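**Student:** My structure is below; once you've seen it, I'll send some questions.
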Amino acid sequence: GIPCGESCVFIPCLTTVAGCSCKNKVCYRN
């Protein structure tokens, strides 16, 4: 539920290595 400051509209989240996932076109962690 914490925004990672990255969007995933066109490309996947690069922050997935930090535990982030794509939700509603924005990368979130928990």
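Backbone N, Cα and C define each Cβ position, glycine as well.
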**Student:** Tell me which of C4, C27 Swiss-Prot records as disulfide-bonded to C13.
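**Tutor:** Partner cysteine, according to Swiss-Prot: C27.
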**Student:** From the list C4, C8, which cysteine is recorded by Swiss-Prot as disulfide-linked to C22?
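**Tutor:** Looking through C4, C8, the record in Swiss-Prot gives C8 as the partner of C22.
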**Student:** So for C27 (disulfide bond), how many other CB atoms are inside 10 Å of its CB?
**Tutor:** 22
**Student:** Around C22 (disulfide bond), how many other C-beta atoms are within 10 angstroms of its C-beta?
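**Tutor:** There are 18 of them.
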**Student:** Of the disulfide-bonded residues C13, C22, C27, which sits closest to C4 (disulfide bond) by Cα distance?
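**Tutor:** Of the disulfide-bonded residues C13, C22, C27, C27 has its Cα closest to that of C4 (disulfide bond).
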**Student:** In Å, rounded, how far does the Cα of C22 (disulfide bond) sit from the Cα of C13 (disulfide bond)?
**Tutor:** 6
